[in-house]
Structures are given as structure tokens and as C-alpha cells.
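Visitor: Have a look at this one.
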Amino acid sequence: MNAPDKFTSLLSLTREPFPASHKCLIPGSRPDLNVPVRDVLLTNGETVSLYDTSGPYTDAKVEIDVRRGLPGVRGAWITERNDTESYEGRSHQALDEGLKHAHDHDAQRLAELRAGASALQRTPRRAKAGANVTQMHYARRGIVTPEMEYVALRENGKREWMAEYLANEERAKRVAGNPMGASIPRIITPEFVRDEVARGRAIIPANINHPEVEPMAIGRNFKVKINANIGNSAVTSSIEEEVEKLVWAIRWGADNVMDLSTGKNIHTTRDWIVRNSPVPIGTVPIYQALEKVGGVAEDLTWEIFRDTLIEQAEQGIDYFTIHAGVRLPFIHLTADRMTGIVSRGGSIMAKWCIAHHKESFLYERFEDICDIMKAYDVSFSLGDGLRPGSGADANDEAQFAELRTLGELTQIAWKHDVQTMIEGPGHVPMHMIQANMDEQLKHCHEAPFYTLGPLTIDIAPGYDHISSAIGAAMIGWAGTAMLCYVTPKEHLGLPDRDDVKQGIIAYKIAAHAADVAKGHPGARSRDDALSKARFEFRWQDQFNLGLDPDTAREFHDETLPKDSSKVAHFCSMCGPKFCSMKITQEVREYAAKKGVAEAEAMAEGMAQKSREFMAGGGEIYIPIQPAS
């Protein structure tokens, strides 16, 4: 099967619209600014509108050809600013796919993949001489861009349906969240988005060479976002599988995706992914740079790394993880750790520093990196190369020395108006999580925090998506802006599509729990809508309002598969006689019939049962009468 056919076959499994759902567009101030949301039609006639990350893939009305990529929704916005220029760009080299593969005998296969990707190529753009094209640069000059308006509309969504669930003032006050120092307005305006980006408290990752991206914001005063990692390795996965993983990930709610490919055809894989992604794409450029020198860390040079940054910026990568905080003076601090340096990027740079006994070129050349970033509006994700790899190493001096350095680098990036977020751990026991957030806010000036979990315990291989989602929910409530998912395969192997889904669902739970705890406007309304459906035994609505309708329906149908069970006033947990919600409904119906309050109905019912008990002789144990 050739590549395009395989793409089509794989994506056909991933493009199914969600049940009882359709896309709806929220119009902006201009004809080409429309924000998609997912409307769920309930069986009682209500409609619930949900934030949607799936792009056009779940829209049955849209035809998608992955060989041509998605439409460039931001193309006109970028062009009309008149501060960028098209140019020829660097030529693709065999070395871009990795040194080993530049010398292998698979040239024909590589040529086929490149030919298949040729229709995806866009002529790259960059800032005109002396210009700065970052969203932070515009924001600091008081300009509200279409991207900022898009974010505001997206964060607000359609709130009309929430009115019923927000009307009870007593309940709203009782369950109101604690924002933990965040400043979340009731309504997100474009001006608020601009101000948050200008302050550096939020970023909108949106490379000018990724016009297909649907703008989103990462910041503690916005919804908590999640990131999913995909990417091949030297031993497994193909380009087709990685593109399908991308579409699968955003279907289930990934707000961002990182391509962490370290195997063959790295450049070509990225072409396919970026051109077909409606969400921001991030990378760790040092991985590809290492491939270019055959995997020998000490052979890395600034020139090779710089060329890799430009290569990826031209392709449209929206944010780079750069481990510029791994400095020579810090490496000895990891010597007594239980698990040493566990970050791949961190270990690469540590090895380079030790081999040359020199300061990291990422640190020394940081301002040169800023010049590249602001020419394409690539955001920094300042990597935590010295993050703890076990609970025993949490919050040590190596971790916090690097964090303080990342704060210093943030100030340098902001001097160039480059958008910046800070990466965090890792492995942190529950009682040490708040200290991580406190230190980050103290030293990194409220730049968005982006954490990998953290895992709260180390004894759950195969279940690390659960052990880490606990920490993710806690640190998300404390102020982390984006959570990097962990799959069941963490520490064990490369995740497949089912692992990706499980990791995303676990992290959607964590992110939503954090939003509810923070009191994010409207966050709890979806919970209330599902709770109402549950109480009213609207099973289909329960399934369809959940994070994973497929699994909910499957679990229900394992014991009650008949269609009649979808309207039954009980489930297999309690059965028809002991369903608490059914009993409560009967009490309410009895009260309504008698024209009394629920409490009175309960009292009357108890009195009636008392009379029946006494009339029966007042005996606790009644002899069984033989059947006549």
C-alpha cells in the first residue's frame, strides 16, 4: 500500500464525528475569523457547547486530503501585517533525516516520501529586516491581533446554555473555586488576551509558517491546556502512524502536540505533521541536531544547532524546547541523585559540557537563538534538563538552580519580545508540589509553567498516567498553565494509539479538575449538565457529555446491552430496587402528588411505614407464611 493510501485508511478510523455532535462556528469581527466549537445535542432538547481541539477532522462536511494539508486559516492575517517576506529558504539535505540515514541505501524510499510531501511544502516566510513578528511584540505595542481575538472567543465559547446551571446563587457560592492567586475574569476579552501576552503571563504559539494553526493561549488565567507527545524512534513507528497519532490525539483533547521523533526521516515526518495540524506543534531541536552528528553528543556544534533551528522554523514549528539552563556549574549537583539526569536533552548537553569542559553553547548563544525565534514567532519552551527523575530527587539544588537560570533567560527572551514558557518536573511527591509552583512564580516572573505530570509516586509502571494525573491536577490548580501528558507506557516503551488516548483522557480529567477548583468561569457547567442527565436517567446524554463517550457506552453495555436499557431508570450497579436516584425521584413524585414538600413526604412515608410495622405485631423478624 502506498503512503497516501495508508494515510487515508488510518485516518478513516479517526475522523468519525462524536455522537450527537456537530461543529458550530462563533463569528468574530471579520469574515475570516470563525472559532469552531462542538455542540452536543441532548435528548431533552438542550444543547451543550464544548471547547474543541479536533480541527476540521471531526467535521463530516469537510473533505480532508492529508497530501495537501489543511487550509491556512491565518494566511491573510499574516500577510496583511506587511512585516514578513517570502524567501527561498534553506534547501533540504539528506542530513536533515539523520547522518546514519544520509548514508544508507534507502534513498528510493526517502525519495518517495519526499515526493509525497512535496505538495505540502509552503514557501517559507520570515520577518523583514529589522522587524519583529511575535505576538508579544504586537501586544506590547497595543495591537490586538486576530489571533488574540480568536483566543478570546475560544476561551469564552458559547455560554448561553450555561445560564440554567449558574442561576442558583447559593450553590454557586458554595462550590466557588479558589483561583490560588490567578486573576481570571468572568469574560475573556481580546484586550485581556493582549495584556496577558504583553506581560508574558500567556503565550500564543503560532509560527508565521504554520498558518493552519487554530490560535490558542497558554497561561494561568486561561483554561489549563494539555500537551501530547508523538514521534518515531530508531526502532519503531512510521510517518503514517505518527500523523494518525496526531489526529487521534487532538480528537481526544490535546491542545498541543510535540513531535519527539528520533528515528529516520525526521524532517519528512515533520512536514506531514505540521501541514496537517490545527494545533501548535513543538519539538526538541537538539534531538535532530544529534542525529545529524551520528548520535555523538560531543560532536554537536552551534552551527549545526543553529541550522536545525532555522530548518524547523521554516517548516512551521511553533515552540522549541531548549535546554539552555543545563550549565556546566550545575552538573556536579546531580552526582548524588538517586536517578541522575533523566532528561534526554539535559543529558545530551551535560555530556557536551563535560566533554569540552565548556559552558553550554545554548546558554552562551541564547541571544542569537532569540534572533531566530523572533523572526518566525517561535516560542521558547525553556527545558528542565535537570528535572528530578524520582521522588527522592525532587526539589533539590540541581533542579532549582536550573529553574533560577530559566528565570534569567526568560528576562532575556522578553527583551527580544520572544514568547516564553517554562518547563517543570517530573517526579514530585504530593506534599512538595506547591513549593515547585511557588519557586517558579518567584523566579520566572509569572511566565507560563508547563509540567510533565508530575508523578507523585514511583511504584506504578504501567499506570504512570494515573500517578502523574494526580500531581497534574494539583499543580494545575496551583497555577501550571499546561500539562504534558504521561501515558501508561511511560518508562516502558513507545506509546501506541490506545496509550495516547488513555494518557490524554487522564490529563483532560486533571486539567478540568484544576479549572473547576480554580473557579474558571463555566468550567463546572459541563459537570452539572452530565449530573442532571444522570439523575434523569438520560443515558445517551451521559455518554455523550463525557470525556470518552465510547468507553462509557461500552462499559454500560457490557451488562445492559439492550436499547431498552438506555432509557431504564437503573444501572447494573444497584439494579432496579436499590437505585438511590430512582428512589429520590419516587419521593419527589410522591411529594408532588400529595402537594407537600420533599421533607414532609419523607416524614409521612416514614410514619406510614411505622404504622404498618406496628400493625404487623411490632416484630423485627416475621415468620414466613407457607404458600397456600
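In case you wondered, yes, glycine gets a Cβ from its N, Cα and C as well.
So Swiss-Prot lists the following for this protein:
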BINDING   ASN229, MET258, TYR287, HIS323, SER343, ARG344, GLY345, ASP384, GLY385, LEU386, ARG387, GLU423, TYR450  substrate binding site
BINDING   HIS427, HIS491  Zn(2+) binding site
BINDING   CYS571, CYS574, CYS579  [4Fe-4S] cluster binding site
Visitor: I'm trying to understand the geometry here, so how far is the Cα atom of HIS491 (Zn(2+) binding site) from the Cα atom of ARG387 (substrate binding site), in Å to the nearest whole number?
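Guide: That comes out at 15 Å between the alpha carbons.
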Visitor: Max Cα-Cα distance in Å among ASN229, MET258, TYR287, HIS323, SER343, ARG344, GLY345, ASP384, GLY385, LEU386, ARG387, GLU423, TYR450, the residues listed as binding substrate?
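Guide: Largest Cα to Cα distance for the substrate-binding set is 20 Å.
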Visitor: Using DSSP reduced to three states, classify GLY345 (substrate binding site) as helix, strand or coil.
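Guide: In three-state terms, GLY345 (substrate binding site) counts as helix.
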Visitor: These are the binding-site residues: TYR287, TYR450. Which one scores highest on other Cβ atoms within 10 Å?
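Guide: Of the binding-site residues TYR287, TYR450, the highest Cβ count within 10 Å belongs to TYR450.
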Visitor: So which of the binding-site residues is most packed in, judged by how many other Cβ atoms lie within 10 Å of its Cβ, out of HIS427, HIS491?
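Guide: Neighbour-count leader: HIS427.
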Visitor: Let me know how many other Cβ atoms fall within 10 Å of the Cβ of ASN229 (substrate binding site).
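Guide: ASN229 (substrate binding site) is surrounded by 24 other Cβ atoms within 10 Å.
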Visitor: Specify the secondary structure state of TYR287 (substrate binding site) as given by DSSP, simplified to three classes.
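Guide: TYR287 (substrate binding site) sits in a helix per DSSP.
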Visitor: What is the Cβ neighbour count of SER343 (substrate binding site) at a 10 Å cut-off, with all protein chains included?
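Guide: Neighbour count, Cβ to Cβ under the 10 Å cut-off: 24.
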Visitor: Taking every protein chain shown into account, which of the binding-site residues GLY345, GLY385 has the largest tally of Cβ atoms within 10 Å of its Cβ?
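Guide: Of GLY345, GLY385, the one with the most crowded Cβ is GLY385.
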Visitor: What whole-number Å value do you get for the CA-CA distance of TYR287 (substrate binding site) and HIS427 (Zn(2+) binding site)?
Guide: 23
Visitor: With an 8 Å cut-off on Cβ-Cβ distance and a minimum sequence separation of at least 6, pull the same-chain contacts of ARG387 (substrate binding site), or say none.
Guide: VAL342, SER343, GLY346, GLN399, GLU423, GLY424, PRO425, GLY426, HIS427, LEU452
